[in-house]
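Colleague: Got a structure here, written out as structure tokens. Questions coming.
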Ligand SMILES: O=C(O)[C@H](O)COP(=O)(O)O
Ligand SMILES: [Mn+2]
Ligand SMILES: [Mn+2]
């Protein structure tokens, strides 16, 4: 690959900073009272929208970002992969579908490796029990379980993480029933659910925000230790949710273990067992992978470290080669903008708070945890709080803004990349008022950043990775009206949306007459990369999608 960037024919290279600002979970959607982006006073982003030659929307979901179908909502992994690479690449969900369709799932090295445990040992499956398609999909899990049974697995245990975040809260009950039915249909196999807990409480931490989550998961899945013990998963989920009029959300269910009639856990992980993490998405599988794979490990006391045949659905980290063995090769993302910038000596500053830190670094760089050139890249992580974010919807937006301003003023960076987590993380709580607060605050922070950017004569591109806060209510499929619960309250929507996202360019250093193309009706997030490279003063490399700039 020729990494030399060529000067742009119209936009001169600049030594002033180019700010790329991502509002995580900020979609352009129907303007009603359940759209927090619309309800919040947002004078700064509203003003950007006024200049139609420098504002438009692009697709952030479905096939435009490499997902299997246009019914798939976007998410941070595929969104930042596209934003950072300028390419539409078949993503994990799609690659697993293909591996199942072609049968390659059952022919690779990863499968051969786990199949050595089929006859004499237990095969454990751990992951998010959901059809959300963001981290995992239940239909894929069912197909793999069936495939294992048909190929000789004798004892299967599934460790479930309940969702309620990419899918409606309460759906865990239906997914447990579906999984139980699937397990019961595996003839001649002793197959059971063995442990579980809510995805925001157990196992699925990311970016080392809270290792205690992973420890709780390890204790439940591996050691069979948890504060709650039940004889079946349906009872576990129903009981732990509590009063359905005011339930504990699926996301936050405490860890539990399934026990037999002698109160003995039905599925601890033992030497010789195989362990499969069935999530295809990387961020929330990295820590648990380290716990299973690394001999040397100090994040928490594992108490017991069984020798397992351990695989991921994918390889989650390309730099760490983690895990070493996997069922499906991950998306091959090469020639990212980060690599181009580094190879052309362009200095970069990237910053977010913990919850989104890997989004603007790891995902942006094609699921690589390292640097392309440490001398040229500065990555700053502002530690996130470990609380439900509707309790403190300001999160770390102000601190991120201060760090961004300092980077802009320092004169050290030609690219400054910022992600604001609030519209997404608060949107996932389903709390409309908190989401409105989050959007208002983020708009103020953007205004503040843009003032600083203009004061140094920089250029900017503002966008988002997918929708979320732009719709906070579940809706009737045909009429689009809000769905209400038995007490007449709107049913919260905690997931992302299918909405397109805004793109705005500008800044005191952007030459007059630079405009966004208004054609390309199917443009998606991958078309934004070229625009960012243009703002730096260079032409878009030919393997990337066409730029949005005219
Ligand atoms: O992992 C999560 O928090 C959600 O499943 C998806 O949110 P994100 O794609 O914005 O991170
Ligand atoms: Mn996101
Ligand atoms: Mn999200």
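Positions of Cβ are set from backbone N, Cα and C atoms, glycine also.
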Colleague: Do you know which of 15, 24, 131, 519 TrEMBL groups with 76, 465, 466 in the Mn(2+) 2 site?
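Modeller: Candidate listed by TrEMBL for the same site: 24.
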Colleague: Of 476, 496, which does TrEMBL put in the Mn(2+) 1 site with 424, 428?
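Modeller: So the Mn(2+) 1 site in TrEMBL includes 424, 428 plus, from the candidates 476, 496, 496.
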Colleague: Let's check the environment of residue 465 (Mn(2+) 2 binding site): how many other CB atoms sit within 10 Å of its CB?
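Modeller: Cβ-Cβ neighbours of residue 465 (Mn(2+) 2 binding site) within 10 Å number 33.
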Colleague: Measuring CB to CB from residue 206 (substrate binding site), give everything in the same chain under 8 Å that is also at least six residues away in sequence.
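Modeller: Set apart from residue 206 (substrate binding site) by at least 6 residues yet with Cβ under 8 Å, we have 283, 284, 286, 287, 355, 358.
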Colleague: Residue 496 (Mn(2+) 1 binding site) to residue 76 (Mn(2+) 2 binding site): how many Å between their Cα atoms?
Modeller: 10
Colleague: Can you figure out which of 135, 166, 428 (the binding-site residues) comes closest in space to residue 24 (Mn(2+) 2 binding site), comparing Cα atoms?
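Modeller: The smallest Cα gap between residue 24 (Mn(2+) 2 binding site) and any of the binding-site residues is with 428.
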Colleague: Whole-number Å distance between the CA of residue 424 (Mn(2+) 1 binding site) and the CA of residue 466 (Mn(2+) 2 binding site)?
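Modeller: Residue 424 (Mn(2+) 1 binding site) to residue 466 (Mn(2+) 2 binding site), Cα-Cα distance: 9 Å.
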